[in-house]
Amino acid sequence: MTVKEKIEQLRLQLHQHNYNYYVLNAPEISDKEFDDLMRELQDLEQEHPEYKDENSPTMRVGSDINKNFTQVAHKYPMLSLSNTYSENEVTDFYDRVRKALNEDFEICCEMKYDGTSISLTYENGKLIRAVTRGDGEKGDDVTDNVKTIRSIPLVLHGDNYPEVFEIRGEILMPWEVFEALNREKEAREEPLFANPRNAASGTLKLQNSAIVASRKLDAYLYYLLGDNLPTDGHYENLQEAAKWGFKISPLMRKCQTLQEVFDFINYWDVERKNLNVATDGIVLKVNSLKQQRNLGFTAKSPRWAIAYKFQAERALTRLNMVTYQVGRTGAVTPVANLDPVQLSGTVVKRASLHNADIIEGLDLHIGDMVYVEKGGEIIPKITGVDTSVRFMIGEKVKFITHCPECGSKLIRYEGEAAHYCPNETACPPQIKGKIEHFISRKAMNIDGLGPETVDMFYRLGLIHDTADLYQLTTDDIRGLDRMGDKSAENIIKGIMQSKEVPFERVIFALGIRFVGETVAKKIAKSFKDIEELENADLETLINIDEIGEKIARSILNYFANESNRKLVDRLKTAGLQLYRPEEDLSGHTDKLAGQSIVISGVFTHHSRDEYKDLIEKHGGKNVGSISSKTSFILAGDNMGPAKLEKASKLGIKIMNEEEFLKLIS
């Protein structure tokens, strides 16, 4: 046997033993025998570097090389799931799917593991890339760190896997490992991790993969993407993936009825406490991939899946005082300051009270014993008061009437729960909040700038709005507190680089009320530049897919404000991308210009989302509901009877897939 053949043999043996131990939980050799094989392979690879392989089992030990992570675009967006704590909303989801498909379907029920999401790409049976969720469109390349996780295969078993595919899952830290890690940190008098999810996420982002390897992370894989997948069934594909070497949850179950779904939920609401990893709910997915494609996606999440989250834990503690925070939109949020209490693995000292109505409804008094819950929110919330122990309490909590920062009288818009400070041009937290939003990662992504730096620049009078950032020079900021030459240069470089940020993110960065990332993308697709957007009327805005009257009026109000128009003009002068680039417009036609189109039914040739893109590409507008202004309906199979009746009553043309594709060809 040649040296090369011996190395290959050892690699195959170690991959198999690794799989037996970490995935099947059925080791065939002792730890010492495994270590001996590993040492033999390490020695041979060291003596023969010409046979180096990035997917060798020796790569799992990690390295102490320090590096920054590069960002990688996801081939398929990593959207989050819509979630609920309500069984009624699970029923609503099931009914929506049944109505939309109008045919038999199965629901795959899975544990919702509480870790950090990962996307793994394999080519020719080898792991080539591991990327975090990031912002859903791009994430950090953490391949070297993921290679240290022994339950993730570097090389696949068998040969019936697709040539290229992606598999997604959750990186986890088992409870036992988490508790041991926190004991070590406590002994070193270091801050403890709040929960296993934070520990897993923090570990995955460490620069030293040798430390990552020592943390004993685990992984469950839960979704397969790509061409030429084994079957049309999600559940069936994962069973195949298990044969290739992936760790797939054995707790998955296919359900034929809603009652079976609830039986699964109710069983695991109790039994999950006996699992060795953290879980916080159940994920429900339509099993057929074809049916998934037909159901499509909303802007933020798939229509074919939902996460049911188990009810949050709650704790009882004392309310000491209520303080108030002013956000970038001027919204004033009351915050309860509490005696520290342990809740869901974290120490809670503050909780949101949301608005004046909540305070009034709870009949809060200073000194009350209050119930605190922590569900999906980052900040816990107060859900009740234990009035049975109410004695020696202080005064009743009353919502403030004036801004705690600038003293302006607060206002409350009709139909809204929040109170607002109207002084948007001179209230410090609003100004700083707008700038912090502008520079944030999902907006202009300006490296080197953070809340503390923004606060310092504002206090020193260097910036008063976002456009002032583009007037800064290294001389302006060099020598400021903790600001050396290199830091100053990096900040100015980051500001200059932000001029290349695309139109949709600049729109988001403006901070227009109710205009989030998704709406900003819709706007950027609908207008060729900021001037078109500034001059758009209410009807034009409402006709944009997923933009209702509330968002449309907010956009109109923003541009009706002269100071906002001047700010946008200054940003334009600074060189920001306030227009769609020519390459975005290439391939676009005006074949559907001026037409408002409703999509309904289940399609064969393309998904609903693909048809929406085609409509926009050819100058049309996607609208969600039928009206007298609808140009035509693009109808697939099983179009809803209510829409059919309304279209008939209004005399609106119904077009099938073939007719539509011919129209735009």
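Using N, Cα and C of the backbone, Cβ positions are placed for all residues, glycine too.
Not measured: the values here are computed from a predicted model.
Residues or ranges marked as active site, N6-AMP-lysine intermediate in Swiss-Prot: LYS112. Residues annotated as NAD(+) binding site in Swiss-Prot: ASP31, LYS32, GLU33, PHE34, ASP35, SER80, LEU81, GLU110, ARG133, GLU170, LYS285, LYS309. Taken from Swiss-Prot, the feature Zn(2+) binding site applies to CYS403, CYS406, CYS421, CYS427. Residues or ranges marked as domain 'BRCT' by Swiss-Prot on the basis of sequence analysis: 587-665.
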Validating a neighbour-count step here. Other CB atoms within 10 A of the CB of LEU81 (NAD(+) binding site): how many?
17
Between LEU81 (NAD(+) binding site) and CYS403 (Zn(2+) binding site), how many Å separate their Cα atoms?
37
Residue from GLU33, LYS112, ARG133, LYS285 whose C-alpha is spatially nearest that of CYS427 (Zn(2+) binding site), among the recorded positions:
ARG133
Which residues in the same chain, at least 6 apart in sequence, have a Cβ under 8 Å from the Cβ of ARG133 (NAD(+) binding site)?
MET78, THR116, SER117, ILE118, SER119, GLY139
Counts by DSSP class (helix H/G/I, strand E/B, coil) across the domain 'BRCT' (587-665):
28 helix, 16 strand, 35 coil
Length of the line joining the Cα atoms of LYS112 (active site, N6-AMP-lysine intermediate) and CYS421 (Zn(2+) binding site), in Å:
40
Integer Å distance between the CA atoms belonging to LYS285 (NAD(+) binding site) and CYS421 (Zn(2+) binding site):
43
Counting all other Cβ atoms within 10 Å across every protein chain shown, which of the binding-site residues CYS403, CYS406, CYS421, CYS427 scores highest?
CYS421
Counting across all protein chains present, how many other Cβ atoms fall within 10 Å of the Cβ of GLU33 (NAD(+) binding site)?
12
Over the domain 'BRCT' (587-665), what is the model's mean pLDDT?
86
Under 8 Å Cβ to Cβ from LYS285 (NAD(+) binding site), same chain, six or more residues apart: give me those in sequence order, or none if nothing qualifies.
ILE107, CYS108, GLU110, HIS234, GLN292, TRP304, ALA305
